[in-house]
Amino acid sequence: MLRTAIRNNVQVSQKRTYIMSTIASTFLGSILFSKNNQLASKMENGELHMPKDPTLSYLNNNNSNNQAEPYFKRREPDYPGHVPLYNYEKFLMFLGSSIGSFFHPEENKYIVALGESTAIEPILKKLQKTMLSDEIGRQILKEKPRITSTSLNLDYLRSLPDNTIGKNYINWLDKEGVSPDTRVQVKYIDNEELSYIFQRYRECHDFYHAITGLPIIIEGEISVKVFEFMNIGIPMTGLGALFAPLRLKSSQRKRLREIYYPWAIKNGIYSKPLINVYWEKILEQDVDEFRKQMGIETPPDLRNMRKEYFARKKLEKQGKL
């Protein structure tokens, strides 16, 4: 009897153990199965180890065709003809135009690109502030005049008295064989008003030549660039003053160093801001009176100095000096 009882107790204990283990296995299995179902669902939905990108969700919700926007997209232009550039594009344009301007200064495309790639926003905003602080400067920014052969009426300028600004300007254009229509439209500078300020500087450049009497030969251009840099502050003009003389002869560098650089630095610093001159409205004014008002002295005649230099060199070769 005792053995039978013991045997029965063992069987009951084994059943209980089996039942408990079965219940535990079933419970754990259901949990694991539920987890597996959740993992499978996440894998199917692409959520496992790859959380949904909120950017992609936004694009999917807002793009009916489920097509993502291109990663690089050029922004909308600020004004007609504007070409927005990334900073690295501006830097590459600066490098290319710098090299091109140094080896081929006669190529206007390099000068144009160098000017716009170096016309950084802080400099243009400073010019903008200069113009906004002056009554005439504000008028220029408001009216945005353009300097062309049509707007100036070159035939009318030829009819003006000899010592007027207009006659002085047209005489210089005719003598140098240039036209106000050759100034390229600005397109790489952001902000419409800042682009106009640079355009205004570009179109007024020939007036600076005319009132100083400096020709468009390399020494004359460098001298005007220094004058502009000291007065207006356009970076390209300063770069031209630094690097352009490296390609000149020693006699040319000597003239610049001893005569034209000192003149340009002094007059550029002490004269009134040229960017605030409304040239179109003072064409009938006496040019000498204008120079006096602005604080500009005329430099020595560069062409005559070159003629005298070459005449002297010729006499030296002939042994007459």
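Placed from the backbone N, Cα and C atoms, the Cβ positions cover glycine too.
What Swiss-Prot says about this one:
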BINDING   HIS205, ASP206, HIS209, GLU221  Zn(2+) binding site
Checklist entry - Near HIS205 (Zn(2+) binding site), which residues of its own chain have a C-beta under 8 A away, given they sit six or more steps off in sequence? => result ARG183, VAL224, GLU228
Item to check | Other same-chain residues whose Cβ falls within 8 Å of the Cβ centroid of HIS205, ASP206, HIS209, GLU221, the recorded Zn(2+) site, in sequence order | outcome: PHE207, TYR208, ALA210, LEU214, ILE216, VAL224
Checklist outcome for this item: Out of the binding-site residues ASP206, GLU221, the residue with the smallest number of other Cβ atoms within 10 Å is GLU221
Checklist entry - Near HIS209 (Zn(2+) binding site), how many other Cβ atoms are within 10 Å of its Cβ? => result 21
